[in-house]
Amino acid sequence: MPVIQGHVRVFYQLLVNTLLVSVTNFTVWFAITFYTYLETRSVFATGVISGIFLVMTALTGIWFGSLVDHHPKKTMMQISAGISLTTYVLALVLYQLTPREQFRDPASVPLWGLIVLLMVGVIAGNIRTIALPTMVTALIAEGTRDRANGLVGTASGVSFLVTSVISGLLVALGGMLWVLVTGIVVLALALTHLALVRVPTSLTTASDAFPADAPSFPAPAITADPALAPPISAAPASTPPISAAPAPAPPISAAPAPAPPAGAPAVPARIEAAAGATPPPAAPQDRAAVPNPGASAATTAPAGAGAQLGTEASASQRADADPRVKIPPVPGAEANSGGIDLRGTMRVIAGVPGLTALIIFSAFNNLLGGVFMALLDAYGLSMMSVQGWGLLWGVLSTGFIVGGLLVSRTGLGHNPVRLLLLINIVCWTVTLLFPLRASIIWLAIGLYAYMLVVPYAEAAEQTILQKVVPYERQGRVFGFAQSVEQAASPLTAFLISPLAQFVFIPFMTDGAGARLIGSWFGTGAARGLALVFMITGVAGLIVTAVALRSRPYRRLSTRYTTAA
């Protein structure tokens, strides 16, 4: 079994730092959702919270992707955490100055002011969700990136475990006070740690940076060769920011998710001081011509001229720094003037057979996945206390950890595209089955199975994009995919919560549904929510089955397996 190869120690340092920030953002996300439901007892309010998160994620994804591509990635992570820290401090001030009874009214202006402030901080974490996969591309050798992506999933699972336990306990013990105080302290520590992480300022193109004998796990921190890893400035970057949860993806409850799996968020969702700094030219012996992954077969580039990571400059800046460096053309790159360049990004996506269909498929999955974002917490809290619900999520999160470790050990096989769709079949089958009984045991088993396979779906999607998209465009493509995929979920989150509150719950409480199927399915508010989950599962299975037989699926599979 191949081990992870590349700049492993730097990758681990960034992963640990992201874990700290993800724990903070997920805790805030879970806590404000729990707190709002417990104070107002309004399913509609929790659905709107999910909608706000998803709308903000969809609107900022493309912009965040452009920031990640055009600025040093470590700096963007610092800015992200800085914005979150600032908004949490403001939220703490608002919370302390507002009488508690005002938070019991679902129409309260202070309540929604608190929610919006916290959502801005959580959304700022999405910069990490976009930046980390692009850093994996440059730091880790291509053959072991799927395993590195699996460790990213494991980190998300650990953050879920810690978050799920502490968010419920903190809310039960002190409302939002201790949630915000804890978040502020942890973010301050994370910013301090990130300032000390030494990210290489110059790397070769991602897929060509690592020879067959590249260092493997565990690897030395950074090569001593100054041509490859010149020391970075001791002055840490400044910190204003934007980032959203991140990371990766929250559980399918009201947590962020830097994105649901392949159509699941995670949450959700995740400008350095060194931006514009020009790395020294690579040594002549490092300039052997190698193929460039986003260029034609006949196009080659020097090994020191490829995509860079962290505090590195852009491709055009590198070319300016060393006239010997020839940057191969990237589809749509001629339109890149340092801005968002949506048109060029869309050309890159359209140039990869089947990639547009994959993003649309994920968007439809998220349309259905918005049901979880809006209703799952209300469903779980209808059957147990907030402390128990938080502890249950702590146990369930071990599934995410185990799944991520399995990915890091086994990889994804030769065709992650097919695996991605098969995982979706498992997820929608679980969604159909766990609501059949009003049982916390059924719910726990179903969600554990879901959490176990989600890391495979997330790692598969990241691995596909890392291979078929040129590195110089990956931030924008990841951001574009996040925006398009997440744009579907707010529609569901905003629509399904009032439908559940005013249609399905009455339907299964004392309406026609209670009379028709109530004798075996059960009656009451929780069974109304269960019916929504089951309808969602059936729709997801149908769409995934169609996708498996589609031409775009076959084309993308072929492109991935034949890509250099």
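In case you wondered, yes, glycine gets a Cβ from its N, Cα and C as well.
Record features (TrEMBL):
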- 233-246: compositional bias 'Low complexity' (COMPBIAS)
- 247-263: compositional bias 'Pro residues' (COMPBIAS)
- 264-277: compositional bias 'Low complexity' (COMPBIAS)
- 293-306: compositional bias 'Low complexity' (COMPBIAS)
- 233-332: region 'Disordered' (REGION)
- 12-37: transmembrane segment (TRANSMEM)
- 43-64: transmembrane segment (TRANSMEM)
- 76-97: transmembrane segment (TRANSMEM)
- 109-127: transmembrane segment (TRANSMEM)
- 148-170: transmembrane segment (TRANSMEM)
- 176-197: transmembrane segment (TRANSMEM)
- 352-376: transmembrane segment (TRANSMEM)
- 388-407: transmembrane segment (TRANSMEM)
- 419-434: transmembrane segment (TRANSMEM)
- 440-457: transmembrane segment (TRANSMEM)
- 491-509: transmembrane segment (TRANSMEM)
- 529-548: transmembrane segment (TRANSMEM)
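Among 43-64, 76-97, 176-197, 440-457, 529-548, 440-457 has the largest number of CB pairs under 8 A with the transmembrane segment (148-170). Across 12-37, 109-127, 352-376, 440-457, 491-509, the stretch most heavily in contact with the transmembrane segment (388-407), judged by Cβ pairs under 8 Å, is 440-457. Long-range Cβ contacts of the transmembrane segment (176-197) within its own chain (Cβ-Cβ under 8 Å, at least 6 residues beyond either end) map to 10, 13-14, 16-17, 20-21, 23-24, 27-28, 31-32, 35, 74, 77-78, 81-82, 84-85, 88-89, 91-92, 95-96, 114, 166-167, 170, 236-237, 239.
Counting Cβ pairs under 8 Å that are 6 or more residues apart, the transmembrane segment (352-376) and the transmembrane segment (12-37) reach fewer than 3 and are not in contact. Between the transmembrane segment (43-64) and the stretches 12-37, 109-127, 491-509, 529-548, the greatest number of Cβ pairs separated by less than 8 Å involves 491-509. Counting Cβ pairs under 8 Å that are 6 or more residues apart, the transmembrane segment (491-509) and the transmembrane segment (109-127) reach fewer than 3 and are not in contact. Residues 43, 45-46, 49-50, 53, 77, 80-81, 84, 88, 103, 106, 111, 114-115, 118, 121-122, 125, 128, 132, 135, 151-152, 155-156, 158-160, 162-164, 166-168, 170-171, 175-176, 179-180, 182-183, 186-187, 189-190, 193-194, 197, 199, 243-248, 250, 253-256, 267, 270, 377-378, 381, 386, 389-390, 393 of the same chain lie 6+ residues outside the transmembrane segment (12-37) yet bring a C-beta within less than 8 angstroms of a C-beta in it.
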